[in-house]
Amino acid sequence: MAPTVAQRGYLAFLDATVEPFRPLGVMRNSGVDLAAILRIVALFEAAYWAFRLGVRGYQRRRGGTKGKADEDMLWFGGSYVVTLVMSAFVAVRGTALFMLLLTLAAPKGVTTFGVLSEVQDPEEADFFARAMAHATYTNEVFLAYLVYDIMHMAYQFKGYYRTDMALHHAGFLFCSTFCQSYSAMVFAFSWLIQGEYSTVFLELRWLLRKAGVTGNAAFAVDMGFLGSFFFSRVVLYGYGLAKLVYECYFDGVPNPEPEYPMALHHVVVSVVTACWFLNLSWFQGIIKVVKRSFFSKDKSAKAA
């Protein structure tokens with residue numbers, strides 16, 4: 001069956017959003033390109049230092065740093081900006097990839113194990129191959145970010161390191177590298193990466209707080225963070241995880257190629273499952289934070 005106008009639109013969007021960054025890596029269906037990842041890490045690092053130098057110049061013109069918030073913005077603000085931009089980029093591409101694969105009704109052998117030979121129609125096979133190439137590139141950006149952020153946790157340990165985030169990064173570094181190497185779980189990647197929508201609001205929240213922004217604007221960002229986290233990391237993640245577990249263990253998905261490491265596949269599914277429960281724990285904490293933000297906003301309004 002020929003792809004629909006909507007499906008062509010999703011693919012055209014993916015093509016358009018990768019074009020400016022094509023010099024950083026070659027589009028391909030699978031495999032980890034370490035050189036491309038390091039180039040993207042270097043781009044992130046350059047953006048961090050550009051932001052830091054800009055903040056330093058602004059603070060000097062203003063008479064120097066004034067308190068801990070200014071110091072935090074100088075030292076860590078660049079990483080929060082890098083994370084915000086990266087998250088928006090991969091999340092939007094993840095949505096397009098998700099809709100493309102969902103509407104194509106890809107065979108489970110393709111979306112779970114990357115077996116393109118299951119697709120008989122040549123045009124559909126080409127669409128799946130291009131979709132997998134886009135998943136590979138998007139995942140490469142995400143892998144590079146994980147490397148970048150772990151580096152910053154190491155050399156900016158005080159004030160930036162968090163144990164739960166380090167474990168989260170390490171787990172997804174392993175999962176992403178495995179899936180990249182074998183073109184595995186492409187559909188799972190498309191819903192997992194949309195969790196970065198909530199990261200956009202999380203980073204924006206930090207930047208606004210350090211800039212001294214409070215009131216309705218800060219509360220709106222808090223609500224955006226709560227809503228995006230719930231939808232992307234609890235609801236969508238839960239749906240995708242249930243679908244992944246069902247297809248892997250109960251629905252008779254065709255066996256992958258003989259060299260496919262099923263033992264590692266099971267480990268990846270276990271890590272993804274554990275991270276969903278971590279998300280539930282984080283979500284409870286977010287609810288408490290938003291409650292405090294609401295009551296703080298309410299008190300400020302009454303005082304005014």
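Using the three backbone atoms N, Cα and C, a Cβ is placed for every residue, glycine included.
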Stretch carrying transmembrane segment according to TrEMBL (options 137-157, 263-283): 263-283
Same-chain residues at least 6 beyond the ends of the transmembrane segment (74-107) whose Cβ lies under 8 Å from its Cβ atoms: 3-4, 6-7, 10-11, 13-14, 17-18, 44, 47-52, 55-56, 59, 65, 118-119, 124, 127-128, 131, 134-135, 138, 141-142, 145, 148-149, 152, 156, 159-160, 186-187, 189-197, 199-200, 203-204, 206-207, 210, 232
Model confidence over the domain 'TLC' (141-288) (mean pLDDT, whole number): 90
